[in-house]
Amino acid sequence: MGQLISFFGEIPTILQEALNIALIAVSIIATIKGVVNVWKSGLIQLLMFVMLAGRSCSVQIGHHLELEHIILNSSSILPFTPTLCKLNKTYFLVRGPFQAHWGVDLAIGSTTVAVENATKTYTLKSKNFTGCFEGNPDPDSAALLVTWLFNSLHHDYKNDPSILCERVSGENSFRFQINISEPEYCEKILSRMANLFGSFENYCLNNRHIKKLIIIRNLTWSQQCHENHMSAMQLITSNIHTQVVRARRILSFFTWSLSDAVGNDMPGGYCLEKWMLIASQLKCFGNTAVAKCNLNHDSEFCDMLRLFDFNRKAIETLQNKTRSQLNIAINAINSLISDNLLMKNRVKELMDIPFCNYTKFWYVNHTKLNHHSLPRCWLVKNGSYLNESEFRNDWLLESDHLISEILSREYEERQGRTPLSLVDVCFWSTLFYTASIFLHLIRIPTHRHIVGEGCPKPHRLRADSTCACGLYKQKRRPLKWVRSN
């Protein structure tokens with residue numbers, strides 16, 4: 001009795017504390033709801049836009065998903081092959097192999113420098129350049145470079161106009177003169193030069209000069225222009241067709257041995273080292289992203305990774321600058337490059353369509369799980385990279401694919417940790433529960449009642465309205481089926 005009286009005496013205190021709890025709960029709910037309403041009103045978004053306008057362009061696709069990019073260091077891809085560049089619409093340069101200190105220039109004009117049948121002038125009717133490089137300190141490399149160049153221009157020694165070769169005495173220099181005055185031959189040569197060096201003005205349409213010539217001379221290389229790795233790749237793929245069958249496929253022997261920056265095996269992914277990138281120390285991609293390169297050969301990024309890996313090994317072995325070793329390297333590199341992709345991108349450039357320059361690549365990154373999509377090329381148009389909004393559909397679709405891959409991987413991992421018997425038990429128990437719901441809705445009757453009377457339980461009536469114990473003796477009374485509550 002005393003405890004009951006004490007309880008009633010403490011009720012005001014309990015109510016006061018309960019009221020405090022209610023006030024706190026109401027305050028929290030009101031604050032959260034107020035913040036949500038302010039966010040939905042757009043005021044915060046407006047302030048963020050005003051503060052970040054012109055300062056930030058980060059693209060956040062969704063929750064934990066962001067659009068990021070890497071820029072590959074193209075200068076370290078092919079140091080042992082000839083590299084090409086363009087100064088202007090009529091002047092082009094080609095650097096010798098193995099980062100040579102010499103090269104050749106190609107100048108389009110109308111000035112004649114070599115005359116047929118003159119002293120020290122040779123007419124080339126085959127690929128025999130004997131006499132053109134007398135006195136040159138490295139005649140084999142010079143002959144190889146000129147051979148590659150003429151092969152890339154698709155010059156036919158039998159049917160096309162003859163090429164004149166002149167050796168300048170006392171200067172260890174040489175000159176080649178190509179007459180492109182014939183319209184068809186001019187279009188052919190300049191179109192091939194456009195494939196090699198990139199787009200430039202069509203000199204064949206210049207009617208001010210009847211005679212049109214291309215002069216090729218050797219020179220000392222002093223970094224006159226920035227070498228284009230895409231042009232070097234084009235030079236390689238255009239020369240391989242002279243050695244193997246034209247229809248070919250990328251070799252499938254090149255499978256990824258995933259490693260870290262030091263070269264140790266790392267099953268977790270593949271890392272791009274510092275020398276491969278610009279403005280970044282190290283970038284790693286997971287197995288799922290990089291392993292796609294083993295399945296499909298339709299990615300510019302995969303081509304670049306193959307070249308990086310090949311370059312890392314080739315520098316150690318290709319120290320002897322011989323023609324045979326260089327041809328072996330060219331064959332091996334060509335088996336790693338997709339010439340279809342390369343040609344498509346060059347054609348797109350010539351047609352002023354956004355194309356890939358094999359330098360900048362974008363990918364979708366899941367910041368929480370650190371999963372990446374396979375990088376895709378950031379296209380270029382009119383000398384500048386496209387804005388993110390111009391290929392919005394591409395990275396949104398890539399983000400959907402990345403989320404699907406993450407969910408699929410999590411599902412497979414979860415399946416691997418879950419016993420199959422437990423899955424069966426869960427399935428059949430769920431099926432049983434679903435069936436029981438339908439049985440409950442049907443409301444199956446459980447016993448008989450005599451119409452107009454109460455429940456006869458525990459007696460169980462027969463079909464003739466009697467029971468076994470004799471309490472219900474009258475037969476053939478009306479019955480009905482009833483469900484127990």
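Using N, Cα and C of the backbone, Cβ positions are placed for all residues, glycine too.
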Listed as N-linked glycosylation site by Swiss-Prot, one of Asn73, Asn128:
Asn128
Neighbourhood of the Zn(2+) 2 site (His447, His449, Cys455): other residues with Cβ within 8 Å of the Cβ centroid, in order?
Arg448, Gly454, Pro456, Lys457, Leu461, Val482, Ser484
Could you state the whole-number distance in Å separating the C-alpha atoms of Cys225 (disulfide bond) and His447 (Zn(2+) 2 binding site)?
100
Considering only the recorded positions Cys85, Asn179, Cys302, Cys356, Asn382, which residue has the minimal Cα-Cα separation from Asn218 (N-linked glycosylation site)?
Cys85
Closest of Cys271, Cys293, Asn357 to Asn88 (N-linked glycosylation site), Cα positions, recorded positions only:
Asn357
Over all shown protein chains, what is the count of other CB atoms within 10 A of the CB belonging to Cys284 (disulfide bond)?
17
Rounded to an integer, what is the Cα-Cα distance in Å between Asn365 (N-linked glycosylation site) and Cys284 (disulfide bond)?
11
What average pLDDT is reported by the model for the topological domain 'Extracellular' (59-424)?
80
